[in-house]
Amino acid sequence: MRTIISLLLLSAMVFAVIEAISLEEGLQLFEGERGCVGENQQCADWAGLHCCSGYYCTCRYFPKCICRKDSGK
């Protein structure tokens, strides 16, 4: 009986550690995207708001620079 309880406690501790690590990695990924804007939103490559990953800032109609979807070229 003690063995079963010990195994359950050990597996619960392992699960808690794994969840804590995955949560920390998720928060680090989110911090990199903080303050970014999406498609057709106003951006500024040199300062201020930047485009989220998968988009790039184009200033075709300066001074209104906007984020466009990155085609992967």
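Any Cβ shown, glycine's included, is placed from N, Cα and C.
Source: prediction; values computed, not measured.
Look at Swiss-Prot and you will find 1-20 tagged as signal peptide.
The disulfide bond feature in Swiss-Prot is assigned to Cys36-Cys52 (among others); the stated evidence is similarity to another entry. Within 10 Å of the Cβ of Cys36 (disulfide bond) there are 16 other Cβ atoms, across all protein chains.
Sequence annotations record features per position, and here Swiss-Prot assigns disulfide bond to Cys43-Cys57 (among others). The DSSP secondary structure for Cys43 (disulfide bond) is coil. Sequence-distant contacts of Cys43 (disulfide bond), defined by Cβ-Cβ distance under 8 angstroms and a gap of at least six in the same chain, are Val37, Leu49, His50, Cys51, Cys57, Cys65, Ile66, Cys67.
Taken from Swiss-Prot, the feature disulfide bond applies to Cys51-Cys67 (among others), supported by similarity to another entry.
Positions annotated as disulfide bond by Swiss-Prot: Cys59-Cys65 (among others). Counting Cβ atoms from all protein chains shown, Cys59 (disulfide bond) has 13 others lying within 10 Å of its own Cβ.
According to DSSP, Ser71 (serine amide) is assigned to coil rather than to any helix or strand. Within 10 Å of the C-beta of Ser71 (serine amide) there are 6 other C-beta atoms, taking all protein chains into account. Annotated serine amide per Swiss-Prot: Ser71, in sequence order.
Cys59 (disulfide bond) sits 16 Å from Cys36 (disulfide bond), taking the C-alpha atoms as the reference points. Looking at Cys36 (disulfide bond) and Ser71 (serine amide), their Cα atoms lie 18 Å from each other. Taking each Cβ in turn and tallying the other Cβ atoms within 10 Å, the top scorer among the disulfide-bonded residues Cys51, Cys52, Cys57, Cys65 is Cys51.
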